[in-house]
Every structure is written in structure tokens, then in C-alpha cells.
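Q: From Swiss-Prot, here are the annotated features:
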- 78-97: compositional bias 'Polar residues' (COMPBIAS)
- 100-230: compositional bias 'Basic and acidic residues' (COMPBIAS)
- 237-266: compositional bias 'Acidic residues' (COMPBIAS)
- Cys32-Cys42: disulfide bond (DISULFID)
- Cys36-Cys54: disulfide bond (DISULFID)
- Cys56-Cys66: disulfide bond (DISULFID)
- 78-312: region 'Disordered' (REGION)
- 337-375: region 'Disordered' (REGION)
- 1-21: signal peptide (SIGNAL)
Amino acid sequence: MHSRILLLLLMFAFNVGLINCGQSLVSPQSNCKIRCENGGMCVFDLERPDFHSCICLLGVYTGDRCQIRIAPEDIETTATSDETSHPMNIQHQQSQADIDDARRRDDERKREYERQVAERTRKEKEDRERASDEERRRQQHEQYWKEETARREQQRAEAERRIQEQRVRDDERRRQHEAERSQIEERRREEESRRLAAQRETDEARVRDEERRRQETEKEVEKELNDKRTQSMNEQFEYEGGDEEYPQVAEKEDEYDEGYETDNTEDVTITTTKTTKLMKPMVEESKGVDGDDGSDMIMEKDEMEDDKEPIRKEDEKLIDSIKHVFNKAVDETVKEHPIEEDEYWDETSKKTDEDSWTAENEGTKKTEEADEYGMEEGTEGWMMVKKENENAAVGTTVSLITVTFLFTLIF
């Protein structure tokens, strides 16, 4: 019994010595990477801290985890007996061989374990490196996304700022455009008002000018009519009575019989003929005014107004004033020089000479062409109008002046 206690103490001392030779206990034992059985202690190598192994009680248990128990007889024989040729020694020698095999197997298992530990360590290192790489990539990715998010946010803010600035510029430009347009509209209204005022002034001036011209025309026509009336009254024949009233007519008739025609006669004939043709409607109109109730004149006037273009009010006023002056002049002329009183009978006998008769007929034809009231054959001789040419000249002059004013004002 005492020998066993001593053996255990020796084994403990031996184990302590082994532990102190480059190894150390794992503390706490629960951190051991392998499970030691039968009271084995877990130790780690100082040079390789990741390598763990089990220290068994010497002579009691063996194996990489202290799982093999050593027989007690072998232990007692080894501790108490000497080396003899006793059969027990042979058994002891055989047990030592088994122990060597067990140690060899332990070494192999230890090497395998070390290899596994190294492989596991390598894998763990690779895993750590892989995890580190992944963490680094993750951090880089997170940093990239942070930077990208910040950049996009900055771009969005910049775009929003540009949009706001563009909107402000557009509003300012729109306000300027509205202000310019309002100014242009105001200037246009002012110009339009000035133009209308100038047009009104021009129209008023034109109306005043036309009124002045109309008054001047009326005055000139009245003055000219008065002059012509005075001239006609001065040139009127004064008859003393009896047979002495016809010498001038006889002389004039002799001139026509002789075929004597001057240039003045031709001019008067042509002018009188043209003027008579132009004034014939006016004379007929004046006769219609004196003879009937004016219905034909109104109808003819309506037809003429339908055929012609519309006349301005100023021209109508001027034409009405001229017509009034013209009608007044015709009435005055007819009153002062009645046609019935100017007729007389030619008591001279007819000439028998065919040449004289031919010349007389030619003169009569010219006189008839020139005057509407020509010579007419009566029961006692030829009837002539004494004042017809003078009246026609006065009426022709008045009509010509009136027509000239009318055409000048209308066209």
C-alpha cells in the first residue's frame, strides 16, 4: 500500500517535471480543445499555443486522451522486482513492448492531431482572412454607397438649386416682358389717340376748307352771274319802234345769205352745240321744275343715284349749293330775257338765187345746229329769234362754269 502511494507521488513529480519542460496547463480546463479522460490534465505547448494535449498519470493510464488503463501487475513488477530471468520479467518485457507500441501510436496520433490542428488552424486563419477581406470589402462597399449617396444628394440639391434659379430668372424675364408689353400697349394707345385727334383735326380742317371753298364758289358764281347779267343787260338791243327795229337782223341775214362765216362764228357754233348738248338735261330739268310737280325729276334722280357711286356728304352739300345757284341764275336769266319777247318776224322776201338759197340754207342749218331755237318758216316769211344767240351764250357760259365746277369737285 505504501509502495503505491510512493509510486503515485513519483508519477506526480514526473508529470510536474514534464509540465515544466515547455508546456503549461490550460486554464480553465474547459477551454481545452480535446477531452482528457481518467483524470488527465490538458496542457498546451508554449511554442504552439493552439496545440493542446493530455498528460496522464504515469503507469496508470496512457493514450492521447488517457483512455487506456495499464494493468496493476505490470506496475508492481516494474517497481519492486529486479531484472531476472524470472517468468515475470519476461511478461514485464512484453508489457514494455506494448508500452512502446502504445507510445508510438500516441506519437502518430499526436502527429495526426497536430496535423489536424494545423489544418484547422490554417482553415481558421483562412476563414479569418476571408472574413477580414469580406469585412474590408463590405466596408469599402458601404463607404462607396455612402459616397455615392452623398454625391447623388449633392447632385439633386444642385439640380434643385439650378431649377429654382432658372425659375427665378424665368419669372423675372416674364415680368420684364409683361412690363415691356404694357409699355408698348400704352405707347400704342397714346399714338392711336394722337392719330385719332390729328385725324379729327384734319377732318375738321377739311370740312372748314370745303365750307370755305363752297362759300367762295357760291360767291364767285353769284359774282360771275351778276357780271354776266350786267353785261347782258348792257348788250341788250334797244328798239326805237316801227320798221327800224330790224336793221341788225337784216345785216346778219345778209351775212348768212352771202355764206360769210368767220372763225369766231365757227367757234361759237361748236361751243354752243357742245354746251347745248351738255346743258340740255339741265334745261329740261329746270323746265320740269317749272312745269310739273317734280315727280319725274325725283324718279330720274333716284335712278341716277342707284347707278352712280355714293357721294360724300361734303360733295352733296357743295353740289346742292351749286345746283341752287344754277337754278337761281337760270330763273333770273329767263325772267330778264324771256324767249317769247325776243322773237320777231322777218318781212323780207325770199331770194330766188339758188346759190344764195343754198348759202342761206347752210347758214340756217348751222344756226339750227348751234341753237335749239333756230329759224322757222312762217305764213308770211321766215321767223327768227333776235336774242336767242345772246341768251344761249349767257346760259352756255353759266352752264359751262357750273359744269366745270361740278367736274372739278367730283373728279
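Cβ coordinates come from backbone N, Cα and C, glycine included.
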Q: Taking only same-chain residues 6+ apart in sequence, whose CB is under 8 Å from that of Cys32 (disulfide bond), what do you get?
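A: Once residues fewer than 6 apart are set aside, Cys32 (disulfide bond) is near Val26, Cys42, His52.
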Q: What does DSSP call Cys42 (disulfide bond) in the simple three-state scheme?
A: strand
Q: What does the structure give for the C-alpha distance between Cys54 (disulfide bond) and Cys66 (disulfide bond)? Integer Å is fine.
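A: Counting only the Cα atoms, the answer is 7 Å.
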Q: Give me the count of other Cβ atoms within 10 A of the Cβ belonging to Cys36 (disulfide bond).
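A: Result for Cys36 (disulfide bond): 23 neighbouring Cβ atoms inside 10 Å.
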Q: Between Cys36 (disulfide bond) and Cys66 (disulfide bond), what is the CA-CA distance rounded to a whole number of Å?
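A: Taking the Cα atoms only, Cys36 (disulfide bond) lies 6 Å from Cys66 (disulfide bond).
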Q: Among all the protein chains here, how many other CB atoms are within 10 A of the CB of Cys66 (disulfide bond)?
A: 20
Q: I'd like the per-state residue tally for the compositional bias 'Basic and acidic residues' (100-230) from DSSP, helix first, then strand, then coil.
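A: Going through the compositional bias 'Basic and acidic residues' (100-230) residue by residue, I get 131 helix, 0 strand, 0 coil.
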Q: Could you check what DSSP calls Cys56 (disulfide bond) once collapsed to helix, strand or coil?
A: coil
